[in-house]
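Record features, source TrEMBL:
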DOMAIN    5-138  domain 'EamA'
TRANSMEM  6-24  transmembrane segment
TRANSMEM  31-53  transmembrane segment
TRANSMEM  65-84  transmembrane segment
TRANSMEM  96-116  transmembrane segment
TRANSMEM  122-139  transmembrane segment
TRANSMEM  151-168  transmembrane segment
DOMAIN    178-287  domain 'EamA'
TRANSMEM  180-201  transmembrane segment
TRANSMEM  213-234  transmembrane segment
TRANSMEM  240-262  transmembrane segment
TRANSMEM  274-290  transmembrane segment
Amino acid sequence: MDPLIAVTFSVTSAVVFASFSVLVRKTLSVGSAYAGAVISLVVGLPILGGLSLLFSSWERLTWEAAAWFALGGLFAPGLGRLLLFQGIRHIGVGRTMPLVMLTPVFSTALAVAWLGERPGPAAWLATASVAAGCVLLSLKPVGDADWRRVHLLLPLGHAAVLALASITRRHALLIAPDPIIGSFLANLVSLPCVLACAPLFPPEERFRVNRTGLLRFGLISVLNTFAFLLFFSSFRFGEVWLVVPLGYSAPLFSLLFARFFLREEERVTWQKGWGALLLFLGMAIIVWQAA
């Protein structure tokens with residue numbers, strides 16, 4: 001285990017995920033978000049499969065490790081994507097995303113209970129700081145449309161299954177330390193789960209994409225695959241309490257990229273200012289703990 005490698009991989013994946021999200025925003029005019037999700041998995045499978053044939057040893061993969069890798073893929077993006085779509089559908093983005101950003105807290109708690117990890121008080125403080133910063137950065141105005149409080153369980157369920165995915169990835173990599181095979185199996189299991197989400201969308205939004213959108217989504221899906229592999233690999237070198245909060249720092253980089261590259265003129269609210277500060281402080285504490 002090398003915590004500094006885990007930090008490098010996790011933060012780099014956050015930066016790449018952030019750039020991916022900015023590029024997706026520029027592509028949504030020529031294709032739907034659901035189409036982008038499906039294309040991302042379809043593009044990622046041959047890339048990860050090819051890398052596994054070149055650099056991995058399939059003969060060393062045990063059935064136990066394969067089952068854990070597949071279970072992690074079922075959790076995320078499989079079941080997690082389904083809960084996210086349903087949450088946005090029933091209570092909107094503004095209420096869904098802040099609750100989703102509680103994933104680092106859930107992940108750390110599960111890592112303590114399941115894997116026996118022992119993060120110190122500083123790590124708990126950093127995790128809470130990262131989660132609070134993500135929540136503040138993701139806050140958006142919401143309308144007055146009617147909604148039921150029971151539907152808050154959907155984004156909370158999303159955060160819980162993503163936390164379970166993190167735990168299973170770490171557990172599987174302790175058995176078979178091959179993140180390339182793990183990433184491939186996770187994507188392979190996730191694809192049918194994401195396809196099963198199609199009925200959640202109106203027919204015109206299920207796979208709306210023109211030729212330009214298909215090309216753009218295909219190219220940025222390569223970037224997303226690289227980020228996913230980096231984040232997956234970070235679990236090989238570091239514990240969950242170290243990896244997940246850093247990986248969830250992507251909203252900070254997304255905010256920076258959007259302001260510089262999309263030239264957004266939106267006002268910097270106190271939520272964004274404090275959110276960025278809390279996220280940065282949490283990241284700094286975690287990196288200090290790793291060092």
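Using the three backbone atoms N, Cα and C, a Cβ is placed for every residue, glycine included.
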Residues of the parent chain within Cβ reach of the transmembrane segment (96-116), under 8 Å, 6 or more residues beyond its termini: 84, 87-88, 123-124, 127-128, 130-131, 134-135, 138-140, 152, 154-156, 158-160, 162-164, 166-167, 170-171, 239-241, 244-245, 248, 251
Stretch contact, the transmembrane segment (31-53) with the transmembrane segment (151-168), Cβ-Cβ under 8 Å, 3+ pairs: no
Stretch in 6-24, 65-84, 122-139, 213-234 most in contact with the transmembrane segment (240-262), if contact is a CB pair under 8 A: 6-24
Structural state census, the domain 'EamA' (5-138) (DSSP three-state): 117 helix, 1 strand, 16 coil
Counts by DSSP class (helix H/G/I, strand E/B, coil) across the domain 'EamA' (178-287): 89 helix, 1 strand, 20 coil
Candidates 6-24, 122-139, 151-168, 274-290; stretch with most C-beta pairs under 8 Å toward the transmembrane segment (213-234): 6-24
Highest-contact recorded stretch vs the transmembrane segment (6-24), from 65-84, 122-139, 151-168, 180-201, 274-290, CB pairs under 8 Å: 274-290
The transmembrane segment (122-139) versus listed stretches 65-84, 151-168, 180-201, 274-290: most Cβ pairs under 8 Å: 274-290
